[in-house]
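These notes are about the structure you will find just below.
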């Protein structure tokens, strides 16, 4: 099992996702002799999981069943233990595209936080790229390191515990892209520029407040970055449901005849939707 390489069979030590439904799932570490309790009963790792194929339907002790899924960055995002506020797939997908990441890319990130974006970056740049991620908080940096080892991606990432605004990323002139998710990103722009390759590269800053965006854009302009733009990604989900409506009586039906109905599929917008998460500011370091 690896978050960047698919394994067909469940093995001891794997991080697997127990899927009870789209709104109910959780990660487990598969171990000989261990048991996992669900609302459908107990899952016994030795007999129910190890050696089975990922995607298998597993019957629990009470007769109910669950699916065991191979971990992916998307599944990890909705199941990870929150140490900080995290980025979700709506913003992550835009970040990966706008930073033009691909296998072999070198990326600098700050801060690591709960590792939601980090896992998606690692999968995108594997197998020959590398992520340098900086986390100011020592315990969060240590926990992120442990998770990368457990998820078998540690060879693709270097975790540094330092203040990026003062000490930078610890690398110079190697990055194809830089991502900033810190309270004062404008203080790290100089270090971000130094980390990016001489041939140029892309930068993204995530900020929840427009005042942060203003100061960041000013700092980017003063440091010579070009193509500065800011966007907000909003997700609006439509609920597809079956609707039955009566056929209107236009006077053509005989008196006393039963009024018919028509059934069709309709997409209905929710009464409430997720709103603002943050602003994404992108910029390009010009060629020198």
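Note: Cβ is positioned from N, Cα and C throughout, glycine not excepted.
Small disclaimer: the values here were computed from a predicted structure and weren't measured.
Annotated features in TrEMBL:
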- 114, 115, 116, 117, 135, 163, 181: S-adenosyl-L-methionine binding site (BINDING)
Roughly how wide, in whole Å, is the group 114, 115, 116, 117, 135, 163, 181 that binds S-adenosyl-L-methionine, by largest Cα to Cα distance?
20
Cβ neighbour count (within 10 Å, all chains shown) around residue 116 (S-adenosyl-L-methionine binding site):
23
Taking 135, 163, 181 as the binding-site residues to compare, which has the smallest set of other Cβ atoms within 10 Å?
163
Neighbour count (Cβ, 10 Å) for residue 117 (S-adenosyl-L-methionine binding site):
27
Please report the number of other Cβ atoms within 10 Å of the Cβ of residue 115 (S-adenosyl-L-methionine binding site).
30
Sorted by position, what residues of the same chain at least six away from residue 114 (S-adenosyl-L-methionine binding site) have a C-beta under 8 A from it?
80, 81, 82, 83, 84, 86, 140, 144
